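Per TrEMBL, these features apply:
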type	residues	note
REGION	1-46	region 'Disordered'
COMPBIAS	1-20	compositional bias 'Polar residues'
COMPBIAS	33-42	compositional bias 'Basic residues'
TRANSMEM	50-68	transmembrane segment
TRANSMEM	74-94	transmembrane segment
TRANSMEM	106-123	transmembrane segment
TRANSMEM	129-145	transmembrane segment
TRANSMEM	157-175	transmembrane segment
TRANSMEM	218-236	transmembrane segment
TRANSMEM	248-267	transmembrane segment
TRANSMEM	273-291	transmembrane segment
TRANSMEM	303-323	transmembrane segment
Amino acid sequence: MPRQAAGSTTGPPNRQASGQSRPTARPPARPTGRPRPKRRRSPGWVPDQHGAWAMLVVPFVVGMLAAGPAPVHLPLAVLWVVGYFDFYAVGLWLKSRRKTRYVPPVRAYSIALVVPAAAVLALRPGLVVWAPAFAPLVVISLWCSHRRRDRSLLNDATTVLAACLMLPVAFFAGIPAPALPGSTPAGSVLPGSALPGSTLSDAGGWLGQAGPANWPQVWVATALVLVYFFGTVLYVKTLIRRRGDRGFLAVSVGYHAVVTVAAAGLTAAVGQAWGPVVVVFALLAARSWWVPRTAAKPIQFGLGEFAASVVVGALALGVVGLLG
């Protein structure tokens, strides 16, 4: 870098010596006040439990398709999803020891429940008979949130049971309403009952093969998805929160093995109809042992869970006889 000549000065030339006025630089204008921070959306608006969506969708869709879609299924689906959002928001509010920042989503979703609930009751008032089945499950789960035990197996089992109960609820919503007082007994289609002398062809539903006579199969389908989804709870825990826990891995693998053996026993007892169930649960048992030993990423086993849920939903419709 070349040096400056002797006697030279650094900086701009002296403008005053030449008679020129030196412009004065204005300092940058100071803000009149501090910039307002961006308002952060209060927590609790969107559930972060992505695996719960399969539990919300599969039982509902299986029950709806088994009976045949009906107009009431649309507001019932909205009520189910908004109810889940409200349940999630209330759980966070209780877990936070009732902090006010968690109140907005609770208030908004609770208000949003009014319209779909009114529509459901207007289209099918008999659905209210299912409320006593859900009430204790909701209370137990919210108690777990209050005690900050929302990750416990008790809470997991409770929420899985509540989700799977939507299968018979959606089925009930799609079949003919129970008879009014004074009508013939043949009109009764309450859970567990059947039309006297009815067959699969008596349904008249969208699929044309499922109806009031199929309550036993509906409960079998409910048990099938319940067993599967509780197994996914154990399996996913071995991949995230309990990863590396050999004891919990043994519980997960053992559970899937017992379910597979039970399905094989049913196949031997009732025939080949349960064969696909045995195959699927044997694959799920192998997966519960192998995947935790790999470096699978959440997106990978998440997609695997989605595919498995679709397969089990199809089994619930086909293998247990809801589709013939």
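One-based numbering along the chain as shown.
Including glycine, each Cβ sits where the backbone N, Cα and C put it.
Keep in mind that TrEMBL annotations are predicted by a computer and have not been checked by a curator.
Across 50-68, 74-94, 106-123, 218-236, 248-267, the stretch most heavily in contact with the transmembrane segment (129-145), judged by Cβ pairs under 8 Å, is 74-94. The list of residues near the transmembrane segment (248-267) in space but at least 6 beyond its ends in sequence, with Cβ under 8 angstroms from a Cβ of it, reads 227, 230-231, 234-235, 237-238, 242, 273-275, 277-278, 281-282, 284-285, 288-289, 292. Taking every recorded stretch in 50-68, 106-123, 218-236 and counting its Cβ pairs under 8 Å to the transmembrane segment (74-94), the highest total belongs to 106-123. Sequence-distant contacts of the transmembrane segment (106-123) (same chain, at least 6 residues past either end, Cβ-Cβ under 8 Å): 44, 71-72, 75-76, 78-79, 82-83, 85-86, 89-90, 93. Same-chain neighbours of the transmembrane segment (218-236): 51, 54-55, 58-59, 62-63, 66, 153, 156-157, 160-161, 163-165, 167-168, 171, 192, 248, 251-252, 255-256, 259, 277, 281, 284, 287-288, 291, 301, 305, 308-309, 312-313, 315-317, 319-320, 322, counting only residues six or more beyond its ends whose CB sits under 8 Å from a CB of the stretch.
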